[in-house]
Every structure is written in structure tokens, then in C-alpha cells.
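Structure, as C-alpha cells:
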Amino acid sequence: MAEWLLSASRQRRVKAMTAAAGSAGRAAVPFLLCALLAPGGAYVLDDSDGLGREFDGIGAVSGGGATSRLLVNYPEPYRSQILDYLFKPNFGASLHILKVEIGGDGQTTDGTEPSHMHYALDENYFRGYEWWLMKEAKKRNPNITLIGLPWSFPGWLGKGFDWPYVNLQLTAYYVVTWIVGAKRYHDLDIDYIGIWNERSYNANYIKILRKMLNSQGLQRVKIIASDNLWESISAAMLLDAELFKVVDVIGAHYPGTHSVKDARLTGKKLWSSEDFSTLNSDTGAGCWGRILNQNYVNGYMTSTIAWNLVASYYEQLPYGRCGLMTAQEPWSGHYVVESPVWVSAHTTQFTQPGWYYLKTVGHLEKGGSYVALTDGLGNLTIIIETMSHKHSKCIRPFLPYFNVSQQFATFVLKGSFSEIPELQVWYTKLGKTSERFLFKQLDSLWLLDSNGSFTLKLQEDELFTLTTLTTGRKGSYLPPPKSQRFPSTYKDDFNVDYPFFSEAPNFADQTGVFEYFTNMEDPGEHHFTLRQVLNQRPITWAADASNTISIIGDYNWTNLTIKCDVYIETPDTGGVFIAGRVNKGGILIRSARGIFFWIFANGSYRVTGDLAGWIIYALGHVEVTAKTWYTLTLTIKGRFASGMLNDKSLWTDIPVNFPKNGWAAIGTHSFEFAQFDNFHVEATR
């Protein structure tokens, strides 16, 4: 447990000793005279010379892409519990900001998110799950800041080009409709809007976007640019007065706690508008704790936003478990409140947007950092971190070596804080299980002597919050159900008359968009189906495949039988597939291997070892046309695979040596309309 040492009056020492007997299970806190303390650094916290920059909050990203995909399928009460740990004030991560992807139909890291406008004359503000997530966040914290940012765009905006700036007015219109729709259909006020995630910005587009926002009465919506690097946008703003005027926040990604001179010269708010992206182990928590402090200490960034909010996607997709917490098993209800949640709480539960950093923040003498914030009404929060190099490496950028060692740190409260009588203390220690504590409340610290100082003994990988606020809480629920594998028998007939979400449970679209569909041409068995709805390639953010594909199941499945009814809508050139042992997804989807069983409207079939269709195991002619339902069956057992069409054998015992395991999948030959029904898988590992 932490040893933190206080220079205090005799009255406080007596109080501490008498209280110790009744404090079983709480922190052991020895209090010593100043004269007995080991030498160490002294740090003054003072507002006499004014305050630093305004604090804008700590948040996280849902999307970029499909990172919350499995969350929506969780049964209650577990889904609500997960949301409470993320958003409920004074309970868990208690986030101030939620940033969501404006779905654009393209692959954006771990899947695709649907656009509200698949086609030029199409508008639907109930697709996907980001609307729902924003409402759930607002339900828990009405003051939460909402941000929207596009990663990809629907293809029609590009007019044949893979570029969103072909028609600046049209792209601005598309983005503004999303903001207007959020308010009209969901009563959500979007606070900030971004440009194009980690891709090129267009200065004229930003200016047009501002004008169009104003024309719709959306003057309150502020613009963040450019969600990439500091350099280009900052330099451009210094040279372009109109651009300078319309950009409210300069947002950089993975800045390594540093900003650049041009960004600071603008005087604009500086944000780390995407950061973290690290496995949510204790090392990830150390990364998060270090950058939450040092983004301001080193770079004057007043907001830090984590990618991603919750690791709610299949773990074997890229960046598995790189969320603040993990919720990737809706079939079992199991979830894990990971240590980054409690590291977040050290800042989020004891500050609010609109507070101000003190000017007196900085680095500790023997490693680590400290920040202090105030609401200007007498409240003070101090956050101290001593994260070691070994246990605080983020996924990027490269972290130069630094050393952290045991030290004594004396903090002196001056200015309006000199008369503060008491500070609440919250503590985290990362590392060995026997020494590990997460967001533990310690005995409060009384400051009864006249100089308002206290001394802490700090060791590596620790996090302290000392605050005048008494509202902190480590929320908890009964443990969720135990972890379970994806069911080895899984069926979905897609018979949902009024679906709450547009996507079927557990299917994770990797290229294309698969939605519940009411087939008015078939009032019978196939009245309700799952349909691939994109008819052109989106303006991509990643390397989307040339085929559409949605994965499902357990990545460790080896032997399985997949059966599905399929319906090709495109004559002559159309085609569909079912697949097993699919070994890649996300931004790697183009190179996915597996066993793919295709049929085509031109009367042919094919069996391939990859999604791209380069590895051909078998091919031939078959009686297949468009606009007819067929049943495909794919059986994979050991080193061999077989396929059936309408329950009749079409090909048998084809050798398949690689891959050994992977997901099940459905998809289409190109960006084309097609339907799927009565999906059924039987699997063994």
C-alpha cells in the first residue's frame, strides 16, 4: 500500500493516531514531522498569478470503426451496467465526452458503420447504433459533450472518385444533415463536428461547412480540425484569416504529449482528439494515466479522447481489447471493467469541463507529473502520476526512455487554496497483483498548519488524486456471468418485424452493410431477410475488400457446417458466398483467407481459399440464376471441405490445409444487392 507522509500540526498527528485503530482495511498512513522527512522536490500550487487554460474534458471514441458493435446485443441488466461504468457520473470512468463515427459505409478499423444516406435520395436516421449510444450517454450524463467525425463517406458523394471533396457543398450538406437529424429524430445536440479522420482536410470545405452550419441555425456547433497531425492545419490557420476564424479546436492524434509551436501560436484550444489505442492491461492503464496528465503539462492539450470507448468487437480483429473496458460476449453477458476505467476516474470524477488548469503544473523531480485544476469557486483537484517507462508505453508514438524512482514530493497550497482544511485522497497502484490497488479511497488529508503543505512518498506506477470534492465513488455491481465461447450451434431467421437496430445480432460487417430487410415480393418464408444494401464502393478510409462480407462466430472454430438461404438480385454478374475459417477482418479484410463457397447468377460456382478469389480450389457450372432462392451448405472437417446446393452434393472432399480456424461469414461478389435467410451454423473447435 502507498505510504504518503504529511507535514502537519500536532493536532493532526493525534487525530491520525487515534483514528488508526478504527481504520482496519483502509490505508496505513504514517504522518511524520517535516524535520524527519527525506529530502525531495517542492511544488507550489498557486492561483495568485491567474489560471492556465480551460479544461474541456476527458472522453472516448465509439467507432472508427464498429468498436461498439457487440455492445448493443448485450442482455439486460448487463448492457446498462456497462453503460453506467462508462458514463454515469461519480461511478466509473464518468466520461465528459463521447465522440462517435458518422457512419459512411466503409471499413474503418474493425468493421463498417452504416451511413444515414446510402444513396443520394436516401435518408434514414435509425441505422446503426451510435444514435442509441449517444442517447444512453445523455441519459446518464445530460452534460456530456457529443462529437461527430466521418471516417468514410458513401460512394455517391465522390461522383466516381474516392474523394469527399469533389463537390464541397454536397459533402457539407451530407454532414449537416447528420447533425440536423440527430436533433430532429433523437433530440441530440451535437457540440463539435470534425472534418475527415486522419486524412486530408480541405480549407475551402471547412469554410463552407461553417457557413452551412450557420445557415441551419447551428452556430453553437464548433469545428475541430483536422484530427490528424498538428503541423499542416496549424500553419494554414496562421496564414489564412478566414480558416483561423472558423476552426474552434485544433485536434491532433497520438501527439506523444507534445504540441507544436504553430499550434500554440494560434491561441486556439488544443486537443488530443484521439489517443491511447493500447491494450487495456495495466500497461495500457499506465499509458492512459501518463498522457492524461502530460498532454497538458507538455503540450497544453485541454482534452484527451481515447480510442476506443469499449472493446466490443471480436477480439481477433485488429486492436483487440484496445478499449477502456471490454464487453465482447453478448451471448454470455460477460464483461470486464478494466483498469483504464479507474485511471479515467482519477480525473473525470473530480473535474468538469469549464474548470481551469493552474499555471503551476509540471514534472516531478524523479519522474512523473502533476496537474491541478480548479472550478474557480474554491474547489481544487490535484492529480499526480508516477508511471514508469516500462508500464506506460502506448501503442504509438515511440516513447523515449525515462526513469521514475522513489521520491518525496512536498506540495504547497498558496493563493486562494492556502486555507483549504482537508483533501480527499484516491489512490491507484498498477503492477503486481499483491501490490495492486485500483481507485481506492484513502483517509482524508487534513491541512491544519498555516503553510498549507503536505508531503507524499511516491513510488513508481502510482496515481493519486487529492481533491476538495467529496462526491467520488468506486461504483460496482454484482459480478457479471462467467465468460463463455460463442455458441457452437447458432441460428438466425431474421424474422424481426420492427427491429430496434438495423443490423442482426453478432454479425460484424467488414465490407458492405448488411441490414434487416422486409421483402415485399415474398410474403412467405423469406418475407424478413438480411440484405446487403450497398450498390457502389464507398469513399474509403481503409483498404475495403472488393467483395462485401460480414463475419460471425468464434475465431477458434475449426470443424463446422454452415447453411444459409441466399438470393442473388443482380442478373448475370451477381454472386454470393458463405464461408468458414475466415482468418482476417478489419483493415486486413482484403487479404482474408478461409474456405469460400460462391454461386453466381451466370450459372457457375466456385470454391476459393481467399476472399479475393485468387486461390481456386474448384469451379464448375450449376443451375443458378438471379431472383431465385437457393440453400448453400458448407461443411469443413479437418483437412477437407464439401459443399451442397439445395441439399444436394455439389463438390466433396476438397483438401483445405490453411487456415486451421476462423469465423463463419456471408457476403457478395461485388457491391450489389443480395439477401440471406435462415442462417445456421454447427461448429466444433
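Positions of Cβ are set from backbone N, Cα and C atoms, glycine also.
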Request  = Just choose from Cys287, Cys322 the cysteine that Swiss-Prot connects to Cys394 via a disulfide.
outcome  = Cys287
Query = Swiss-Prot has Thr109, Trp151, Arg396 down as binding substrate; which of Asn197, Asn202, Asn204 does it also list for that site?
reply = Asn197
Query = Which residue, out of the recorded positions Thr109, Asn143, Asn379, shows the minimum number of other Cβ atoms inside 10 Å of its Cβ in this structure?
reply = Asn143
Key: Cα-Cα distance linking Cys287 (disulfide bond) and Arg396 (substrate binding site), given in Å to the nearest integer   = 10
Candidate recorded positions Thr109, Trp151, Asn197, Glu274, pick with smallest Cα gap to Asn556 (N-linked glycosylation site) = Thr109
Query = Here are some active-site residues: Glu198, Glu274. Which one has the most Cβ atoms within 10 Å of its Cβ?
reply = Glu274
Note = Integer Å value for the Cα distance linking Asn403 (N-linked glycosylation site) with Glu274 (active site, nucleophile) is 26
Entry from the recorded positions list Asn197, Asn403, Asn451, Asn556, Asn559 having the most other CB atoms no farther than 10 A = Asn197
Conformational class of Cys287 (disulfide bond) under the three-state DSSP mapping = helix
